[in-house]
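One structure is given below, encoded as structure tokens.
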Number of protein chains: 2
Amino acid sequence: MSSRRDAVHEILRQSEGFRSAQDVYAEMRAEGAKIGLTTVYRALQALADNGHVDVLRTDDGESVYRACASGDHHHHLVCRRCGRTVEVAGPAVERWAEAVGTEHGFTEITHTVEVFGTCPACSAAAKAG
Amino acid sequence: MSSRRDAVHEILRQSEGFRSAQDVYAEMRAEGAKIGLTTVYRALQALADNGHVDVLRTDDGESVYRACASGDHHHHLVCRRCGRTVEVAGPAVERWAEAVGTEHGFTEITHTVEVFGTCPACSAAAKAG
DNA sequence: GTGCAAGTGAAAACCGTTGTCAAAATCGCC
DNA sequence: GGCGATTTTGACAACGGTTTTCACTTGCAC
């Protein structure tokens, strides 16, 4: 229905890593798209609600979004320099989280797991520079 | 040196779970302490920098702080209702994160892992209510 | 007491995000 | 195609947590 939402989704699909709302907005405007910041936020929220994109919070409280290949539950290995992201599955971690929770009598266990590092390209660049 | 910072630290020590800066500030004022919000923020940042308290971000972007018993690396099992927190160690998770990173050629691997659930008291209360 | 560095806090600035509301686009129906 | 109803859009204002600013106070050395 909404071409704007699709446009936002498309930007994320073309991105290697997580992008912030402001970032997506800036890129769309730079490409000449006529879109408002409000609409970008709404599109991202809607996409996140439908599970079409993954959301996480950066250390400084910004929400960042990514169109992930897998719709299933998975985690991310994110380069802290360039933001490039690899989707990773971790059955062991899922089990561990569940076990830790039930062990203490907790129910309805959920968890957040993110792995950060410096990707090969960036560590090479750092060494060269 | 600063008695204010100690006071802030003390509030956290007496708390069961993570507390927000505003929350700590409100409590101190309620107790009659003469302190400014600015100072609370500064104290919390300093404590976090020195590793005396752990920090994490809530889903709505607020920073929350906790004085943890262990100075070592550990994770948290947090009740999503009352905020009560249990410190948990997860050697398996540490290894998994490291392995996932190196497997993709990433270096300087770090990770964030938090487990959320409903604690026994809160799930009992929910059932009763 | 004097001088200086560090600490403090009220108020303002900041910044990402969310709400408001009128204009514009789209849909359903004839 | 025409037309009213509904949805979407976006400029702008508000919001809320955090950070900065800056003048004032406090503690310490001399």
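The backbone N, Cα and C atoms fix where each Cβ goes, and this holds for glycine too.
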Point to revise | Fe cation site partner of A:E94, A:H111 (as recorded in TrEMBL), chosen from A:H52, A:H73, A:H76 | key: A:H73
Point to revise | Cβ contacts of A:H111 (Fe cation binding site) (under 8 Å, same chain, 6 or more positions away) | key: A:V93, A:E94, A:A97
**Study point:** binding-site residues, contacting chain B; criterion Cβ under 8 Å; candidates A:C79, A:C82, A:E94, A:H111, A:C119, A:C122
**Key:** A:C79, A:H111, A:C119
**Study point:** A:C82 (Zn(2+) binding site) to A:H73 (Fe cation binding site) - Cα separation in whole Å
**Key:** 24
Review point. For Fe cation, what surrounds A:H73, A:E94, A:H111 with a Cβ no more than 8 Å from their Cβ centroid?
Key: A:H75, A:G90, A:V93, A:A97, A:E98, A:T110, A:V113
**Study point:** Largest tally of Cβ atoms lying within 10 Å of a Cβ, found at which of the binding-site residues A:C79, A:C82, A:C119, A:C122
**Key:** A:C119
